[in-house]
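Annotation comment: TrEMBL describes 48-151 as domain 'HTTM'. The region 'Disordered' feature in TrEMBL is assigned to 1-21. For 51-70, 103-123, 129-146, the entry in TrEMBL reads transmembrane segment.
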Amino acid sequence: ELRKRKTSSPDHSPTREEIPEDAPKVKPVALDNNASFFARFLHWLWLPEDASYLGLFRIGWGVIMAYEIWAHVRRNFRMTLIHFYSNKFGFHSKYYLFDWVKVMPFAYMQIFMLVAFLSAVGITIGYKYRLSCVIFFFSISYIFLLDTAHYL
C-alpha cells in the first residue's frame, strides 16, 4: 500500500520513498514479430532513453546562439549599426505581411541585444530555462523579421 501523499496535487508523481519495495517493476512491453511497421515505430519511440544528449544539445545550442548575439554586441554594437541603421540603399527588404516590423531606436536596440545575449546564456547554463527560451525566441524572431537579407 502506498503511503499517503504529502501534496494534494493531482499530477504529483510518487517519489522513491513513496513507492514500496515490493511494487512491480515496469518493464518495456515486447512486440511480436507480426506487429505492423507503425506499431513497431511507436514502440521504438516510447523506449526509455538517456536524456543527457538533450542536455548537451541545449548547451551547444545556447553557446552558438550566445556567440551569434555577441557578434552584434562586441565592438560597441558595430554589426547592429551596419545591418539595421546604415543601409546604403535606404530600405530594408521585409517578409511578406511583416512590413509593420520597424527598427527600434539604437539605444533600445542595444538593451534589446543585451537581453537577447543574456537569454542565450541562460539557455546555455539552464538558468530559468523556459523563460530564457521564450525571451530568446521573441528576440531572435524580431531580429529575423527586421530584414530578409540578414542572416545570423
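Using the three backbone atoms N, Cα and C, a Cβ is placed for every residue, glycine included.
Outside the transmembrane segment (51-70), and at least 6 residues removed from its termini, the chain residues within Cβ reach (under 8 Å) are 113, 116-117, 120-126, 129, 136, 140, 152. For the transmembrane segment (103-123), the list of distant contacts is 58, 61-62, 65-66, 68-70, 72-73, 77, 80-81, 84-85, 92, 129, 131-133, 135-136, 139-140, 142-143, 146: same-chain residues at least six beyond its ends, Cβ to Cβ under 8 Å. Across the domain 'HTTM' (48-151), the DSSP tally of helix, strand and coil residues reads 72 helix, 0 strand, 32 coil.
Here the domain 'HTTM' (48-151) returns a mean pLDDT of 86 for the predicted model.
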